[in-house]
Amino acid sequence: MAAEKPSSIFRDFLDSEAAGGVILMVTAALALVIANSPLSGAYFAFLQAKFLGMSVLHGINDGLMAVFFLLVGLEIKREVLGGQLSNWSQRILPGLAALGGMVVPALVFLALNAKSPETVRGWAVPTATDIAFALGVLALLGPRVPASLKIFLTALAIIDDLGAVLVIALFYTAKLSWPALVAVAAILALLAALNRLRVRSLWPYLLVGAGLWGAMLQSGVHATVAGIALALTIPMGDEQHSPLHRLEHGLAPWVGYGIVPIFGFANAGVSFAGLEPSRVLQSLPLGIALGLLFGKQIGVFGTAWMAIWLGFAARPEGAGTAQLYGVAVLCGIGFTMSLFIGALAFGELPASSDAVKVGVLAGSALSAILGSLVLLRCRSSSS
């Protein structure tokens with residue numbers, strides 16, 4: 001029986017994520033060039049400039065990225081309720097692969113950093129997959145990669161994003177403010193009431209959601225979690241013009257072509273001036289790079305292969321084992337989410353932040369190159 005074709009919404013999502021990934025590559029490369037040019041002083045000064053009481057970098061990471069997480073939440077809700085993750089048979093393979101792809105990189109990192117109190121808090125940095133970057137690489141490879149593997153990678157990355165949100169909420173939360181948390185709970189109750197009352201206009205949700213972000217910012221829980229929480233309250237119906245679909249389609253180009261590239265430009269810049277090989281081989285950048293390059297592929301491919309071998313899940317249609325491995329390697333492109341978690345873990349420590357960037361850039365770049373080489377040498381098992 002032929003596999004079910006992805007919906008037009010899902011195809012649009014794949015296309016926008018892939019195009020956004022290519023733009024992200026360009027802006028990240030531009031940030032590296034500027035950070036190592038005579039313009040580096042102006043670049044870093046601009047990121048630390050104050051605006052409305054916070055630095056530009058802080059505003060991007062806490063403000064714009066909340067919109068990114070809002071889109072992530074909308075995608076998760078859509079896929080779980082009516083898309084590629086709407087039943088258990090569709091969830092098993094990407095779900096198990098995502099779990100393996102989070103656990104093994106963390107173990108690789110901890111193997112090198114467990115005895116270092118200064119660096120151990122970065123254990124979650126190599127557990128992430130950048131869906132835009134990975135799909136951008138697949139887009140450059142053209143039709144040699146089966147659509148089923150693109151859907152598998154997208155579903156895995158969406159589950160991975162959900163895991164990252166849980167990690168941020170549970171392990172990277174500052175000192176809690178109980179009055180602010182009470183305000184968060186009250187605002188969430190109001191959003192839930194709007195949903196129960198079947199309010200279909202987006203403006204009430206967005207206005208109340210802005211208040212949720214402000215309360216979350218004061219609560220000690222990272223403000224980007226507000227984006228996920230807001231997304232869960234946006235109504236989704238069967239029709240194409242439901243509030244969730246309208247908001248997702250409205251946000252997708254702004255996030256893919258604007259917010260994510262801006263984040264990459266602001267966070268990928270690291271100066272290599274005076275960077276010695278001994279610093280690159282320290283446990284923090286090495287643990288991140290090896291976690292992304294080896295931990296991800298071992299965790300994703302090993303878990304997926306075992307699930308298929310044991311009969312728990314079916315191999316993506318038209319995909320060979322080598323192609324599945326190639327996509328597993330691409331999951332080591334952590335970039336956006338890895339840099340974001342690294343900023344949460346070491347944001348106040350410039351030296352550690354630079355080490356994180358070096359590890360993320362090295363692990364992500366090597367994963368992209370190796371994964372591409374594997375897939376370039378593969379042919380579909382059906383051909």
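Placement of Cβ uses the backbone N, Cα and C atoms for every residue, glycine included.
Annotated in Swiss-Prot:
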{"type": "TRANSMEM", "residues": "19-39", "note": "transmembrane segment"}
{"type": "TRANSMEM", "residues": "56-76", "note": "transmembrane segment"}
{"type": "TRANSMEM", "residues": "92-112", "note": "transmembrane segment"}
{"type": "TRANSMEM", "residues": "122-142", "note": "transmembrane segment"}
{"type": "TRANSMEM", "residues": "151-171", "note": "transmembrane segment"}
{"type": "TRANSMEM", "residues": "174-194", "note": "transmembrane segment"}
{"type": "TRANSMEM", "residues": "212-232", "note": "transmembrane segment"}
{"type": "TRANSMEM", "residues": "255-275", "note": "transmembrane segment"}
{"type": "TRANSMEM", "residues": "292-312", "note": "transmembrane segment"}
{"type": "TRANSMEM", "residues": "326-346", "note": "transmembrane segment"}
{"type": "TRANSMEM", "residues": "356-376", "note": "transmembrane segment"}
Using Cβ distances below 8 Å and needing 3 or more such pairs, separated by at least 6 in sequence, tell me whether the transmembrane segment (122-142) contacts the transmembrane segment (19-39).
yes
Have the transmembrane segment (174-194) and the transmembrane segment (92-112) got at least three CB pairs under 8 Å, pairs 6 or more apart in sequence?
no
Could you check if the transmembrane segment (212-232) is in contact with the transmembrane segment (356-376), meaning 3+ Cβ pairs under 8 Å among residue pairs at least 6 apart in sequence?
no
Would you kindly list the residues that approach the transmembrane segment (326-346) from elsewhere in its chain, counting only those six or more residues past its ends and only Cβ-Cβ distances under 8 Å?
24, 28, 61, 65, 97, 101, 121-122, 124-130, 132-134, 137-138, 145, 149, 152-153, 156-157, 160-161, 164, 167-168, 172, 222, 260, 263-264, 267-268, 288, 292-297, 300-301, 304, 352-353, 355-357, 360-361, 363-364, 366-368, 370-372, 374-375, 378
Given pairs 6 or more apart, does the transmembrane segment (92-112) have at least three Cβ pairs under 8 Å with the transmembrane segment (151-171)?
yes
Near the transmembrane segment (56-76), which same-chain residues lie under 8 Å Cβ to Cβ, leaving out any that are not at least 6 residues past its ends?
13, 46-49, 158, 161-162, 165, 209, 213, 217, 222-232, 234, 244, 247-248, 251-252, 254-255, 259-260, 262-263, 266-267, 340, 343, 347
Chain residues in Cβ proximity to the transmembrane segment (255-275) (below 8 Å; excluding those fewer than six residues from its ends, i.e. six or more beyond)
16-17, 19-20, 23-24, 26-28, 30-32, 34-36, 40, 43-44, 47, 56-57, 60-61, 64-65, 67-68, 71, 132, 335-336, 339-340, 343, 354, 357-358, 361
Taking a Cβ cut-off under 8 Å, which residues six or more beyond the ends of the transmembrane segment (356-376) line up next to it in the same chain?
28, 32, 122, 125-126, 130, 133, 137-138, 140-141, 144-145, 267-270, 275, 279-280, 284-293, 296-297, 322-323, 325-335, 338-339, 342-343, 345-346
